[in-house]
Amino acid sequence: MARPEQVLLLEPQHELRFRGPFTDVVTTTLKLANPTDRNVCFKVKTTAPRRYCVRPNSGVIDPGTSINVSVMLQPFDYDPNEKSKHKFMVQSLLAPSDMTDTEGVWKDAKPEDLMDSKLRCVFEMPAENEKTHEMESNKISSSLLKSESSTLSMKSMASSLDDGEVKKIMEECKRLQTEVQRLREENKQIRQEDDGLRMRKSTLMSAPHSSPAVRVKEEVLSTRVIALIVLFFVVGVIVGKLAL
């Protein structure tokens, strides 16, 4: 008995194309759409399971929806003279309305209930200039993914903090800012005191150079004092004689 026609819509329909270089994992996407009004179970199988990683490789597609299946080719030594013999098969069946166990549905399914579609794998190696451009694009994409993941992790970390913890962090930040300002003022004061000490030190160092002038002034002052004393003595003697 012939099997029923595939109800799922596949994109692409016949070929899965993998574009090199094949020194890293190469991923292509297979879209499965369910245009029916019933749930459809599906499985994705390959003739070379060790060479590919398929996510998801099975599941259930709701009515009127679709799903993207990632087919990841593992790194290998590419030989342009060797044609790919790898093939994929998409197997499906209409899920019963009372389905509770997907594996049980597959186990109890009859051969005439199964629908399948086959796709072959095609490997393509780009030209040298295209290869360089593609490698640069892959590097940019990976860096963007890393930055996005770090941003998301920071956002998730911030969202995990409650209001109390956020308030504590803000208060601690304010305290640290105040402490920094205080240290700056102390540093400024210490610098001013240091400048004053340097000025006094320079004044003391320059004092010996002006000592002769100071000594001359002191001598003049002492001479005037002596003259005044002698003058007072003479005046006293004269006053004494007049009194006698």
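Yeah, the Cβs are placed from backbone N, Cα and C, and that goes for glycine too.
Note that TrEMBL annotation is computational and uncurated.
What TrEMBL says about this protein:
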COILED    166-200  coiled coil
DOMAIN    7-124  domain 'MSP'
TRANSMEM  225-243  transmembrane segment
How many of the residues that make up the domain 'MSP' (7-124) does DSSP mark as helix, as strand and as coil? 10 helix, 57 strand, 51 coil
Overall pLDDT of the domain 'MSP' (7-124), taken as the mean: 94
